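Take a look at the structure set out below.
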């Protein structure tokens, strides 16, 4: 069991015991975070970033860690999230293996990793932990709360469970509930991990490690993170050089197969499998319809419960952005977020971007996502 904590990571101790939404408690838990910029005297210029499943808190280079971060093009002086103006905080999700307490962390009661004894994790737990970091930094209200992918879910839960915590919100490629397609994909990913004999009921180590299962899970994920349009444009039906092609007729032959294999191998040893299972399942369970005043399903309009849940959020301004080619969190989900927030009284806008990169577009298509984020923050 390994945690992967970047240099310069800071830690916030959560209240102990910490009750979890689905039952169970954590003791001596912590959240990893990093910061950029300077907090104003009135603490009114804070921006919080909550992340997708796999990122750490190192969104960009800073004084504590000059290495480029996972959102380097978006966070920094003069960048769309301008640290000359904003005090930016990025938190690593509770349940992760990148510094926050998760299944790979040591259980203080046993002195051994939690593994599957870690309590069931919900997006709401992730949100509550992030809110505690905000309060600990002396921030009464964020100027803006930004969430991307799973972080879009976390942000909505945070806004709903902690009213008044932010003046504005940017939801990037997020959703207010998990769709059946997304649940199905994540189910296959978890099954691939759990069927690997080296997973061993969660009791693996660095030698006996479920590498094949993690590799398959990552390949499935990468396929859904991009779009058919991008696959066609990047790879077409181009084959590998003959000297790189295995004798096996079912081995790697096309460039796209080689890309998936290389991408998966780079990932598998840098994310804990049990943490992957917990965070993945937390997204399946997330559904803002639970917070609708009337939880009875409307057969004629099943989305009404989600919209009613979103309408419970009180925020002044919001922007929901997505890529039109996203198949994992389809752009209709971001449109739904804007609609629901408007019903709650927000000045909420929706922006669907014609990016070919699918769900991962916010991580690579800065030419489209950067100006949208910059323009929104200019009015905050």
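Heads up, the Cβ atoms here are built off N, Cα and C, so glycines get one too.
Predicted, not measured: the structure shown is a model, and the values here were computed from it.
Within the listed segments 44-47, 48-51, 52-55, Swiss-Prot records region 'Important for substrate specificity' for the stretch 52-55. Counted within 10 Å of its Cβ, the other Cβ atoms near residue 360 (substrate binding site) come to 22, all protein chains included. Ranked by Cα separation from residue 218 (substrate binding site), the recorded positions 149, 186, 326, 359 are led by 186. Across the structure, residue 326 (active site) and residue 359 (active site) place their CA atoms 5 angstrom apart.
Between the CA atoms of residue 149 (active site, nucleophile) and residue 359 (active site) there is a gap of 8 Å. A mean pLDDT of 97 is what the model gives for the region 'Important for substrate specificity' (52-55). On a Cα basis, residue 186 (site 'Important for acyl-CoA specificity') lies 15 Å away from residue 359 (active site). Cβ environment of residue 186 (site 'Important for acyl-CoA specificity'): 280, 281, 283, 284 lie under 8 Å away, each six or more residues apart in the same chain.
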